[in-house]
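To start, the structure itself, in structure tokens.
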Amino acid sequence: MSSLIELCMIYLSIMQMNVDKLKKMAGAVRTGGKGSMRRKKKAVHKTTTTDDKRLQSTLKRVGVNTIPGIEEVNIFKDDVVIQFVNPKVQASIGANTWVVSGTPQTKKLQDLLPSIINQLGPDNLDNLRRLAEQFQKQAPGASSAEAGASAGAAQDDDDDVPELVPGETFEEAAEEKKESS
């Protein structure tokens, strides 16, 4: 019987050790005191590399080839240009598939206008017409303001510039002005 009691005592001490261990572990997980909620396990966010890997494997099946040496890609849509600088370009002509990878920049057609004219095709003639109309609408207002400013400046400078009569030259008018003064 004493062996049974000893066995029970050993069992209870083992159980007590397990309870103590569990309390220590639970204490590490709790954020507050007794009765508070346990902390949530932080979710590990899925990265986009798996999507990229899937896309690359699909493109490999299609049979795309990398085209080296492309410095810039411009995609035109209405008055907006999506511009890729130093992109990775892949193409599969048989599958009529073009892949442009890189960081896009969205710009207005007007911002890129001087350097981009040679890249515009016949499908962008409407955009060019619209831009030309916008510049013409802006130009008359600007030219009338410039004309008013130049007229005011011309009145200030009238003393220096001789008035010409038809048939006279600047030299003759300047000589006459010197003689009269």
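Yeah, the Cβs are placed from backbone N, Cα and C, and that goes for glycine too.
Because TrEMBL annotations are produced automatically, they should be read as predictions rather than curated entries.
Quick look at what TrEMBL lists:
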{"type": "DOMAIN", "residues": "49-113", "note": "domain 'NAC-A/B'"}
{"type": "REGION", "residues": "135-181", "note": "region 'Disordered'"}
{"type": "COMPBIAS", "residues": "139-154", "note": "compositional bias 'Low complexity'"}
Tell me, roughly as an integer, the mean pLDDT over the domain 'NAC-A/B' (49-113).
85
Mind tallying the domain 'NAC-A/B' (49-113) by DSSP state, helix then strand then coil?
15 helix, 30 strand, 20 coil
